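Asks: Got a structure for you, written out below as structure tokens; questions coming shortly.
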Amino acid sequence: MSFRDLRECIDSERGMEDVGLAAGRSQREKKRSYKDLLREEEEIAEQVRKSSKKRSRELDLFLASESHKKKKKHLTDDYHADTPSPDLAKKKKKALLPSPAPPSSSDTAMDLLKAITSPQVDTSTTHLPKKPEKILATPVNFSSPSQSSHKEHHKKIGEVSGDDSSHRSKKSKPLTLREPDGLRMKLILSPNEKSEEESASPQGGPGHSEGASSKKTSKKTGREETESRSSHKKHKKESHTPRSGGTPDSASSTGGELEAGELIIDDSFHEMKKKKKSKKSKKKKDKHKDEKHRKHSKSKREHEGEERPTQIASPVLPSPPPPTATTPTSPPSVPPQALITHAEEQLDKKKKKEDPEKPKKKNMSAYQVFSKEYRGSIIAEHPGIDFGELSKKLAEVWKQLPEKDKLAWKQKAQYLQHKQNKAEATTVKRKSSSSESAARSKGSSSGLPSPNKKSPTSVVSFSTSPAKVPDTEPIDVAAHLQLLGESLSLIGHRLQETEGMVAVSGSLSVLLDSILCALGPLVCLTSHVPQLNACPKQILSNTLDNIAYVMPGL
């Protein structure tokens, strides 16, 4: 026992060690996977940093190259400005007409401000009247006032643009600004783009040359964006930018806007046409729906009108009280014959409506019978013959026939017509007998006497009062036997017309029904013989009522 215990302990320890090893492996694998994820995230972050650094370097290089070009141009302009001519002085005066005071040689800062606010900011040639060497020697002093004034100007423009954007949505009037064309184009830009342009422009660097280059790039981008917007925004009134009388760029932009306006008118016209078409189609659909709904409602009304008489004819009348001496004197509250006649009138109307829809069957002529039988032989002689040629040949053969043959064909046609008429009559009788049996069943359930078939000897003494039970008098018995005789004679005629054998099951059922219908009324006669009067009157009257269900028929 001790050896087994030791072995079990060793096995359990080994199992625990295996479990511990498995847990350690899973933890190591988890740590490795987590480390791999961290490494991948670090690599992605490094790639993003590298790409952003590359972009910033490319932008710096682009700005530096542009600023270098602008510096060269500025130096050449300054060199030419050292030797002023009378023509140049006149041009300067014309350019500086919007400024309030004439330029002076001493106030360089004022001249710079006027040059910035003048309409010739687009051109890079800002001609300074005198002392170019001092300005070149001290670039820091020159850049500080210009940059500060430029920033203030930007702030003012931002405020004005914010107000104008809020007013543009309410009114579609064009703005009239006093600033030159470049600043006007800046007003159209969104505040986000302005902030991007301001961040892109270098702050406190090489001075006026870099500021001018950033201004030019921002102007170009602003013009391109406004042109693209004016072409894209067709359905907005804000796309019509204000025009300041000046540069050819503004004229071209206004021309583009006019073209866009024309396109807008065309598009709106097409949209109006489409809307009109859609409205017309909707109206047509609504009309069709209304017509369908009307037809459906009419058919429903007709159906309800047809169902109402049947519902009127079948209300359950009060159960008949026990037979007393005072029952014949009680007047009926609702005459049932009136209800039945109303139902019959409705059925007649329905039949009259259905009759014109059904095609009337024409009488069979001798020529029709002859052509029906002789057509097959002609087709066998001439296969693939046309209908017109076939009818011509049939007419020729009919003309050549002697009178005896024609008479034979006429007799045959008459016989066929008679047969057809008989078949139709039997089908009509069947329908009428089924309707009468249904009416009888309703009468028996409500305590009414069953309506009998028309016959010369059937003189029924049933009263119209619903409370009276059917009588078992000899006249009633005779009426029932007459009905049985009529039905059996009709069955006999039909059997004579049929060619071939008759089913045994059908004949047996007819015989059984006829025996029951004959014995029922005969049993009622026992009530008049005192020695045989053992059956109560109620049972006899019920048997006479139920004969309608057992009446034989094929």
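Just so it is clear, glycine is given a Cβ too, placed from its N, Cα and C backbone atoms.
Swiss-Prot lists 360-428 with the feature DNA-binding region. Residues annotated as compositional bias 'Polar residues' in Swiss-Prot: 117-127, 242-255. Taken from Swiss-Prot, the feature compositional bias 'Basic and acidic residues' applies to 221-230, 342-358. Residues annotated as compositional bias 'Basic residues' in Swiss-Prot: 272-300. Look at Swiss-Prot and you will find 317-335 tagged as compositional bias 'Pro residues'. Summarising the annotation, Swiss-Prot assigns compositional bias 'Low complexity' to 434-466. Among the features that Swiss-Prot reports, region 'Disordered' is placed at 14-34, 47-368, 418-468.
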Asks: Kindly state the mean pLDDT of the DNA-binding region (360-428) in the predicted structure.
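Replies: Its mean pLDDT is 78.
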Asks: Write out how many residues of the DNA-binding region (360-428) are helix, how many strand and how many coil, based on DSSP.
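Replies: Taking each residue of the DNA-binding region (360-428) in turn, the totals are 56 helix, 0 strand, 13 coil.
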Asks: So, by DSSP, how many helix, strand and coil residues make up the compositional bias 'Basic residues' (272-300)?
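Replies: The breakdown for the compositional bias 'Basic residues' (272-300) reads 29 helix, 0 strand, 0 coil.
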